[in-house]
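Data first, discussion second: the structure below is written as structure tokens.
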2 protein chains.
Amino acid sequence: MSVAGVGEFGLIDRVTARLSYGPKVLLGPGDDAAVVAAPDARVVASTDVLVEGRHFRRDWSGAYDIGRRAAAANLADVVAMGADPTALLVALCVPAGLSAGWVEELADGIGAEASGVGASVVGGDMSASPTLTIAVTALGDLAGRTPVSRAGARPGDLIALAGRTGYAAAGFTVLSRGFRTPRLLVEAYRRPEVPYPAGPLAARLGATAMIDVSDGLLADLGHVATASGVAIDVERDAFDVPPQMRDAAQALGVDPYAWLLTGGDDHALAAAFPPATVLPDGWGVIGRVTEGAGVTVDGAPFDGPAGWDHFR
Amino acid sequence: MSVAGVGEFGLIDRVTARLSYGPKVLLGPGDDAAVVAAPDARVVASTDVLVEGRHFRRDWSGAYDIGRRAAAANLADVVAMGADPTALLVALCVPAGLSAGWVEELADGIGAEASGVGASVVGGDMSASPTLTIAVTALGDLAGRTPVSRAGARPGDLIALAGRTGYAAAGFTVLSRGFRTPRLLVEAYRRPEVPYPAGPLAARLGATAMIDVSDGLLADLGHVATASGVAIDVERDAFDVPPQMRDAAQALGVDPYAWLLTGGDDHALAAAFPPATVLPDGWGVIGRVTEGAGVTVDGAPFDGPAGWDHFR
């Protein structure tokens with residue numbers, strides 16, 4: 001049945017019946033607003049919007065995976081501040097002819113990604129729209145930690161990465177050219193594997209700056225460099241090109257380092273740490289902070305494509 | 001210049017430069033996430049989405065008023081829980097050809113409505129989209145008060161209203177028929193006057209249930225009746241039909257009580273109070289809670305139109 005057939009309130013009932021609520025949810029969906037525990041007396045909040053045709057395609061990804069990715073994009077922003085995600089709110093705009101089952105699968109994906117990191121979907125809104133649009137807001141609790149902004153990197157700091165980069169971009173390129181394999185890359189595009197625990201862990205270890213890699217590693221390190229008033233140099237040899245990516249790059253005539261260094265959507269975390277920091281498992285050094293401005297690769301500007309601008 | 005010409009980051013810079021930040025904003029826009037004070041150790045959160053052609057029309061309302069209304073719809077949800085609004089996050093999807101100036105005016109309207117109630121715009125996201133869409137999330141602080149849900153009304157309670165109903169619906173009807181006056185009604189549609197302080201005040205006075213009137217008074221009281229397991233009777237004589245509304249209703253062949261009792265979008269607040277409550281200025285009794293189920297007007301079902309379903 002279509003969403004128009006089920007109706008707004010019917011669809012909201014169907015979706016909320018599929019969700020589960022953790023102990024931080026003091027009042028869940030169904031009222032004017034939700035009430036979420038914020039034991040730290042501060043709340044971390046971030047919003048991201050996904051638009052069909054621009055951030056996802058229904059012929060490339062199923063509803064469940066689109067839901068997981070919509071949630072992941074926001075949850076990654078919260079852990080990139082060093083916070084523990086607590087709640088999501090979802091504004092969903094759907095064509096009236098879309099099936100209610102598609103929306104239920106989307107909700108399942110959002111709910112699964114949230115509950116995997118201890119967060120719950122606590123509220124939202126739905127409307128018909130010609131353009132399928134998913135706007136998610138994530139909330140988080142700092143548990144006493146200092147929020148890790150983009151602005152604290154200092155010359156001498158290590159630059160380290162948790163999670164992978166370039167896989168989703170490679171999967172996107174593969175799908176754009178009409179292929180459905182290699183599976184490793186296509187699945188990475190469909191469902192990012194965000195290194196959630198690495199964010200709060202970095203905050204506890206004294207990370208001086210941190211960012212969710214969503215515009216591409218060099219572009220996002222550029223945001224850190226600008227906010228911190230420093231330069232960042234990345235070592236190309238710190239990145240492995242996995243065989244599937246190497247083969248796909250060769251077949252498609254692409255430089256795999258363009259994927260690794262400028263591809264977004266894997267939602268890795270990049271952070272600066274004081275030089276004496278012993279990094280835990282999951283974090284690997286990829287560069288250094290120096291005095292100056294801008295981002296370089298092995299001391300020189302990278303001549304690949306720049307990051308993503310959502311209006312161009 | 002168009003938003004595509006300015007670019008995503010350029011437009012974000014233009015918008016954030018126009019905003020101001022209150023003392024609750026510990027970290028504002030420009031990082032992965034914002035950090036907002038939540039001194040109560042609980043945070044109230046609500047999301048609403050406005051879609052062009054469905055919730056607003058650019059030929060009926062200017063960008064500034066659309067911004068005020070987008071913010072008002074969310075801030076009203078927060079005060080309807082008895083909380084003080086602290087922050088807004090805004091996900092904005094705009095056609096690439098829209099002028100950057102339109103977006104700036106929208107941001108000014110959102111910022112003005114927020115700052116009028118002590119809240120700040122702390123973050124957001126922007127994307128191009130064929131459909132102009134504004135998703136707003138509002139956060140609030142309960143300041144030690146018990147959240148006032150829809151579920152606590154008890155037989156014998158008074159039903160009271162703060163703010164006005166039917167004005168926005170009348171303005172919408174007037175605009176739909178191609179008129180631009182009476183100004184009172186058209187302006188009420190363009191820019192709701194939400195009785196913000198009445199929400200926290202009602203919570204302090206012991207309101208047993210409260211709701212933001214956005215689907216229409218009878219529909220929203222129906223949500224309270226269902227959640228509370230009670231019946232609600234509304235007195236028709238409690239409502240004044242202002243002369244401009246009476247004249248417009250006569251000219252258009254509409255029952256003005258259909259506007260007053262079933263029109264949304266004024267964002268009045270309706271609440272139940274224990275019967276001995278002395279209501280302060282701004283709140284007026286409009287009915288009673290009884291045992292049973294459903295909502296009646298002077299003891300009988302209202303035979304006007306039902307509330308609004310955003311898929312129909």
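A Cβ is built for glycine as well, from the same backbone N, Cα and C atoms used for every other residue.
TrEMBL does not curate its annotations; it predicts them automatically.
Annotated Mg(2+) 3-binding residues in TrEMBL are B:Asp32, B:Asp77, and among B:Asp212, B:Asp215, B:Asp220, B:Asp233 the one listed with them is B:Asp212. The Cα of B:Gly124 (ATP binding site) lies closest to that of B:Asp32, out of the binding-site residues B:Asp32, B:Thr47, B:Asp48, B:His55. Taking 8 Å as the upper bound (exclusive) on CB-CB distance to chain A, the binding-site residues B:Gly124, B:Arg150, B:Asp212, B:Asp215, B:Asp265 give B:Gly124, B:Arg150, B:Asp212 in sequence order.
Candidates B:Asp32, B:Ser46, B:Asp77, B:Arg150, B:Ser214, B:Asp215 (binding-site residues) were compared with B:Asp265 (substrate binding site); those inside 10 Å Cα-Cα are B:Ser214, B:Asp215. Here the Cβ of B:Thr47 (Mg(2+) 1 binding site) has 27 other Cβ atoms within 10 Å, regardless of which shown protein chain they belong to. Distance from the CA of B:Ser214 (ATP binding site) to the CA of B:Thr47 (Mg(2+) 1 binding site) is 13 Å. It is B:Ser214, among the binding-site residues B:Ser46, B:Ser214, whose Cβ has the fewest other Cβ atoms within 10 Å in the structure shown. Within 10 Å of B:Ser46 (Mg(2+) 4 binding site), judged by CA to CA distance, lie the following binding-site residues from the set B:Asp77, B:Arg150, B:Asp215: B:Asp77.
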